[in-house]
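Asks: Below is one structure. I have some questions about it.
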Amino acid sequence: MAKEKFERTKPHANIGTIGHVDHGKTTLTAAITMVLAEASGGTAKGYDEIDSAPEEKARGITISTAHVEYETANRHYAHVDCPGHADYVKNMITGAAQMDGAILVVNAADGPMPQTREHILLARQVGVPALVVFLNKVDQVDDEELLELVEMEVRELLSSYEFPGDDLPIVAGSALAAVEGRDDHIGKDKILELMAAVDEYIPTPERPIDQPFLMPIEDVFSISGRGTVVTGRIERGVVKVGEEIEIVGVRDTTKTTCTGVEMFRKLLDQGQAGDNVGVLLRGVDREGVERGQVLAKPGSITPHHKFVAEAYILTKEEGGRHTPFFTNYRPQFYFRTTDVTGVVTLNEGTEMVMPGDNIEMNVELIVPIAMEEKLRFAIREGGRTVGAGVVSKIIE
């Protein structure tokens with residue numbers, strides 16, 4: 001059977017459900033697909049279909065994630081839901097499932113729980129731009145005042161992690177009622193209200209092609225009579241022949257001009273996000289550029305060597321370390337296309353890090369790398385992945 005063509009008529013956004021175990025993330029995911037399938041077409045997915053998430057590998061780490069898609073009148077969504085807490089941690093840190101926004105699910109009867117807090121912190125650290133809250137299982141709360149208290153508590157918690165707790169939308173309902181097709185006033189109607197809030201409140205992401213040009217350099221060739229060609233996959237933006245570009249990272253930043261772009265041995269006027277290309281650089285010799293640097297629009301990205309990161313350290317079972325590590329740990333940090341050695345400093349009060357932990361840590365690299373917040377990396381020892389991280393704050 002021929003694959004259905006993906007009709008890109010509506011803006012697209014990636015979202016996910018986050019929150020404490022058993023607060024109803026997967027039931028809500030099922031409810032959204034069912035209600036929207038009826039409202040605007042698409043395929044309804046049952047709880048069991050979503051819950052038996054397949055495993056995937058991202059940056060050498062195995063993660064179970066369920067992907068569903070659905071659409072509202074205004075947008076098309078790709079939605080991720082993870083079965084276990086560890087999968088969320090890994091997913092958010094590796095960026096395996098990029099989230100433009102998330103729905104935080106809180107059981108109205110319990111209020112915020114430890115993982116609620118942890119997922120909000122992770123969302124803050126990895127740069128999820130916007131959250132919308134669904135207070136679930138409202139049929140288990142008899143007292144209207146109790147609901148208001150839980151809502152206040154959730155808003156305060158969000159504010160304490162620098163989300164706009166007072167302003168972000170909170171919808172209260174029952175995902176199970178929606179799945180079972182009963183009590184529309186707390187079921188289906190609330191799911192539609194939630195998705196209207198998501199449509200309005202979660203910003204449409206800027207498409208990669210509209211962002212400033214960036215291409216990680218994978219390889220460097222010298223072509224006699226023509227000069228130096230660097231190859232790689234354009235991560236974002238567009239590069240046109242004749243444009244000035246910068247080579248950033250590892251060494252001092254230099255400027256050059258793109259004198260040619262080729263793909264599959266054909267010459268192009270420009271390369272754009274997603275293309276695997278060779279870029280011909282004017283006046284740069286073979287030794288003047290290396291793997292690990294990036295080509296970028298001038299002024300759009302700068303090299304840094306000190307940063308704060310949120311990291312997940314693999315367990316022994318996942319192929320990670322068997323022993324803890326301490327301050328002054330010196331692994332390799334794999335950014336985009338290359339390994340760079342760095343020194344880890346742990347926060348005060350953190351004596352050591354055990355396999356399976358997720359932590360905040362300070363890193364100082366031996367050479368600077370083109371860096372910005374939200375940049376993902378792998379932590380490696382001798383070529384084997386022992387962790388994953390994301391830059392949460394640049395120091396210098």
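Here the Cβ of each residue, glycine as well, is placed from N, Cα and C on the backbone.
Computed from a predicted structure; not experimentally measured.
Pulled from Swiss-Prot, these are the listed features:
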DOMAIN    10-206  domain 'tr-type G'
REGION    19-26  region 'G1'
BINDING   19-26, 81-85, 136-139  GTP binding site
BINDING   THR26  Mg(2+) binding site
REGION    60-64  region 'G2'
REGION    81-84  region 'G3'
REGION    136-139  region 'G4'
Asks: Pull the DSSP breakdown for the region 'G3' (81-84) and write it out as helix, strand, coil residue counts.
Replies: 0 helix, 1 strand, 3 coil
Asks: If you count CB neighbours within 10 Å, which one among the binding-site residues CYS82, VAL138 has the smallest count?
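Replies: Across CYS82, VAL138, these binding-site residues, the one with fewest Cβ atoms within 10 Å is VAL138.
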Asks: Rounded to a whole angstrom, what is the C-alpha distance between THR26 (Mg(2+) binding site) and VAL138 (GTP binding site)?
Replies: 16
Asks: What same-chain residues lie close to the region 'G4' (136-139): Cβ under 8 Å, and 6 or more beyond its ends?
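Replies: Tertiary neighbours of the region 'G4' (136-139) are 23-24, 27-28, 105-109, 147, 172-177, 183, 186.
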Asks: Counting by DSSP, what is the helix, strand and coil composition of the region 'G1' (19-26)?
Replies: 2 helix, 1 strand, 5 coil
Asks: For the region 'G4' (136-139), how many residues does DSSP put in helix, in strand and in coil?
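Replies: Reading the DSSP string over the region 'G4' (136-139) gives 2 helix, 1 strand, 1 coil.
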Asks: Please classify the secondary structure at HIS85 (GTP binding site) using three-state DSSP.
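Replies: Going by the DSSP assignment, HIS85 (GTP binding site) falls within a helical segment, counted as helix.
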Asks: Tell me, if you would, which residue among LYS25, HIS85 (binding-site residues) has the fewest other CB atoms within 10 Å in the structure shown?
Replies: HIS85
Asks: Among GLY19, ASP22, THR26, all listed as binding-site residues, which has the most CB atoms within 10 Å of its CB?
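Replies: Within the set of binding-site residues, the most crowded position is GLY19.
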Asks: How does the region 'G2' (60-64) divide up by DSSP, counting helix, then strand, then coil residues?
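Replies: Helix, strand, coil within the region 'G2' (60-64): 0 helix, 4 strand, 1 coil.
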